[in-house]
């Protein structure tokens, strides 16, 4: 099978599942959902599967997708010591989250230089890669929603309704603003600290909260919503070539 084929990337994150269809190098569509989007005219020749979920949850999703596309070839992606000219910094490479690994690979190939990779989703994950493709390591911190939920779950009287979350100028003057803007400032301070450590590196950002941070960070960023899927395509194609 040529790698220039119809590919479905299944990216099972902590809170959502993202399905990305490729025709060659072109992204045809991207869908999010809890189950496989079988109601499409797209028939993948190969499926690249990447999951950060538990073994049990991953197995259920695997069965769901395989039932929808029984004739498709299947490659489960895992973090490796090296892939696509990128070297994993982890002593135990397989313990680096597959979403982080695929983001690192994609960012290196997109930027071809020193780059900081930020995935702002359920967690805020930051990885640093140099121009030679060496992954230098990274960080994992709570995402914006996780910080808010943690604060609310551990306090009795910090409460607000979603309609109370409005933008304002100056210091927050309501509980809703105090919590939401406080969590934003925590995330921004974390990212600004990393920028201080790597001021000459380019920045690539992805994830559901990417735009919210992008607008307030004051750092030149490039946003790639499909970064993990692009990395999956690169790594999957390399493995597919190796299997033939």
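Glycine residues also receive a Cβ, built from the backbone N, Cα and C atoms like all the rest.
For residue 99 (active site, proton acceptor), the Cβ neighbour count at a 10 Å cut-off comes to 26, with all displayed protein chains included. For the recorded site, residue 99 (active site, proton acceptor), the DSSP three-state label reads helix. As annotated by Swiss-Prot, active site, proton acceptor applies to 99.
Look at Swiss-Prot and you will find 11, 12, 13, 14, 15, 16, 17, 18, 122 tagged as ATP binding site, backed by sequence analysis. The secondary structure of residue 11 (ATP binding site), as reduced to three states from DSSP, is extended strand.
According to Swiss-Prot, the substrate binding site annotation covers 90, 97, 98, 99, 100, 175. Residues near residue 97 (substrate binding site) in space but far in sequence (CB under 8 A, at least 6 apart, same chain), listed by position: 52, 79, 125.
Residues annotated as K(+) binding site in Swiss-Prot, with sequence analysis given as evidence: 119. Secondary structure at residue 119 (K(+) binding site), taken from DSSP and collapsed to helix, strand or coil, is strand. Within 10 Å of the C-beta of residue 119 (K(+) binding site) we count 30 further C-beta atoms, all protein chains included.
Secondary structure at residue 17 (ATP binding site), taken from DSSP and collapsed to helix, strand or coil, is strand. The two recorded residues, residue 98 (substrate binding site) and residue 17 (ATP binding site), have Cα atoms 14 Å apart. The distance from the Cα of residue 100 (substrate binding site) to the Cα of residue 13 (ATP binding site) comes to 11 Å. In terms of C-alpha distance, the listed recorded positions 90, 99, 119, 175 place 99 closest to residue 17 (ATP binding site). Other Cβ atoms within 10 Å of the Cβ of residue 100 (substrate binding site), summed over all protein chains shown, number 24.
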